[in-house]
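Asks: Provided herewith is a single structure, encoded as structure tokens, for subsequent inquiry.
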Amino acid sequence: MAGGGGGGKSEEPAPHPPKDQLPNVSYCITSPPPWPEAILLGFQHYIVMLGTTVLIPSALVPQMGGGNEEKAKVIQTLLFVAGLNTLLQSLFGTRLPAVIGGSYTFVAPTISIILSGRWSDQDPPIAKFKKTMRAIQGAMIIASTLQIVLGFSGLWRNIARFLSPLSAVPLVALAGFGLYEFGFPGVASCVEIGLPQLIILIIVSQYLSHLIHSGKNIFDRFAVLISVAIVWIYAHLLTVGGAYNHAAPKTQHSCRTDRSGLIEAAPWIRVPYPFQWGAPSFDAGEAFAMMMATFVTLVESTGGFIAVSRYASATHMPPAVLSRGIGWQGIGILLSGVFGTVNGSSVSIENAGLLALTRVGSRRVIQISAGFMIFFSILGKFGAVFASIPAPIIAALYCLFFAYVGSAGLSYLQFCNLNSFRTKFILGFSFFLGLSVPQYFNEYEAINGYGPVHTSARWFNNMVNVPFSSEAFVAGILAYFLDTTMHKKDSSIRKDRGRHWWDKFYSFKTDSRSEEFYSLPFNLNKYFPSV
């Protein structure tokens, strides 16, 4: 420039570059934190997974005719099997730091079995409970074969090969956002406990961690333990102070810390064992309904695994590894049926969100958490103490963790061309119907007491109503179909979809980092090949 005085041409603003692995994660899959910190983090994961573990049996067991003793034993069993499944998944499945726990998707077909009318009201409650449990076990054992076959045969690998970042966005996002009904509505069931928990959790994890620099990352990594301890003590003071003595029964059940009945009913020491409720019974219709729920959890868990790999700062998960993980999740559902947990298993979305909060994606932490699950499932009285945390406290945690998982799905937009009208159509249409279709099915059932598909065959009703009531399933299947069928002959489509980012991780031979994260221990790859 003449005169040499002015500045040069201003630089054009550049977008943030895409990242295969999430940056700023303190500990990834293969880099465990120190043992004392790892133990506390593992205990924190145990506390978080207790929500689903306690809520589902608490809702189902009374309908089956069971009392507090049966409820405590079922919770112990579900906790024990969750620990086994988490260890199996982290050692031989995807090898991701994923907690495998109970799934709400199995609730609808389970209730259908409970209400099937196959048992006389003349039976004693405990007899009705055991007969119902055996029927649930039989349906779950048969249904587990779906994921076992699809996973270990490699069929799911062939399907996952066509998955792209574009079709993964609605699937993963609604795996988190789609669980909104378990968030603030649960907080509002006792707002004087749930809302302080949510506020304190955000203050400790997002504000104190930046205001107070201790160098130990105490506030962001242990925000759950700190906030739950504070609010649990506060809730107990309200209870012993008589704040709810004259409240409605529903309010007392949600707010009081002495209404679960688990501590009194739980045995001191008890080891869950296979077929503890008796030999399973089998019904073809119930098995088909449970099998459809298993397929829905297969799709939902695919989104869950992708979210976990993202927050563990791993590279993209090869389709063969995903298929292997689905096969082991099928083994987990089989174990659920064999032990009698009243509920199938899938990837715990809330624990995937906790990975984001702590920024610790270590496999060792999750394995320690599995150890806590097994330990406290055997020592029933001690485990019942933590299982008695009021539900609004857990629901407040869900608000943050489900949001984190949903944002993990949105993060895959960085690999897509957002200026493409094809991309905009697939995203918008799958998100809209992914929210709208389940809303219609859920509202219809809330008003009429049954779903839009209502025939004399209850099992057939569940086969149709259950899938269309899942936001992640509807959005994921629709996005996958549109993405793999629309305008595939256009050469620019592959880059718009973001496939050029993922294709390099399809085989261990193409990227050694994938082998580092996902290869099996003990030279077992020859028995469970990944390519």
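In case you wondered, yes, glycine gets a Cβ from its N, Cα and C as well.
According to TrEMBL:
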COMPBIAS  9-19  compositional bias 'Basic and acidic residues'
REGION    1-25  region 'Disordered'
TRANSMEM  43-62  transmembrane segment
TRANSMEM  98-117  transmembrane segment
TRANSMEM  138-156  transmembrane segment
TRANSMEM  162-180  transmembrane segment
TRANSMEM  187-209  transmembrane segment
TRANSMEM  221-244  transmembrane segment
TRANSMEM  287-306  transmembrane segment
TRANSMEM  365-387  transmembrane segment
TRANSMEM  393-413  transmembrane segment
TRANSMEM  425-442  transmembrane segment
TRANSMEM  462-482  transmembrane segment
Asks: Select the range from 43-62, 98-117, 138-156 that forms the most Cβ-Cβ pairs under 8 Å with the transmembrane segment (462-482).
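Replies: Per the Cβ count, the answer is 98-117.
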Asks: Near the transmembrane segment (393-413), which residues from the same chain, at least 6 beyond its ends, have a CB less than 8 A from one of its CBs?
Replies: 22, 48, 50-51, 55, 165-166, 168-177, 179-180, 182-187, 189, 193-195, 197-198, 201-202, 205, 224, 228, 231-232, 235, 303-304, 306-307, 310-311, 349-354, 356-357, 427, 498
Asks: Can you tell me which recorded stretch out of 43-62, 138-156, 187-209, 365-387 has the most Cβ pairs within less than 8 Å of the transmembrane segment (221-244)?
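Replies: When the Cβ pairs under 8 Å are tallied, 187-209 comes out ahead.
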Asks: By Cβ distance under 8 Å, which residues at least 6 away from the ends of the transmembrane segment (43-62) in the same chain are close to it?
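Replies: Counting only partners 6 or more residues beyond its ends, the transmembrane segment (43-62) has Cβ contacts under 8 Å with 70-71, 74-75, 78-79, 82, 99, 101-104, 107, 110-111, 114, 129, 222, 224-225, 228, 260, 262, 342-343, 348, 350-351, 354, 358, 365-366, 368-369, 372-373, 376, 386-387, 389, 391, 394-395, 397-398, 401.
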Asks: Who are the chain neighbours of the transmembrane segment (98-117) in space, where the CB to CB distance is under 8 Å and they lie at least 6 residues beyond its ends?
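Replies: Non-local partners: 45, 49, 52-53, 56, 59-60, 63-64, 78, 82, 85-86, 88-90, 132, 135-136, 139-140, 179, 182, 286, 289-290, 292-293, 296-297, 300, 304-305, 308, 325, 329, 332, 341-348, 351-352, 366, 369-370, 458-459, 461-462, 465-466, 469-470.
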Asks: Which sequence-distant residues neighbour the compositional bias 'Basic and acidic residues' (9-19)? Criterion: at least 6 residues beyond either end, Cβ under 8 Å.
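Replies: For the compositional bias 'Basic and acidic residues' (9-19), the nonlocal Cβ contacts are 414-415, 501.
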Asks: DSSP-wise, what's the residue breakdown of the compositional bias 'Basic and acidic residues' (9-19) into helix, strand and coil?
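Replies: With helix first, then strand, then coil, the compositional bias 'Basic and acidic residues' (9-19) has 0 helix, 0 strand, 11 coil.
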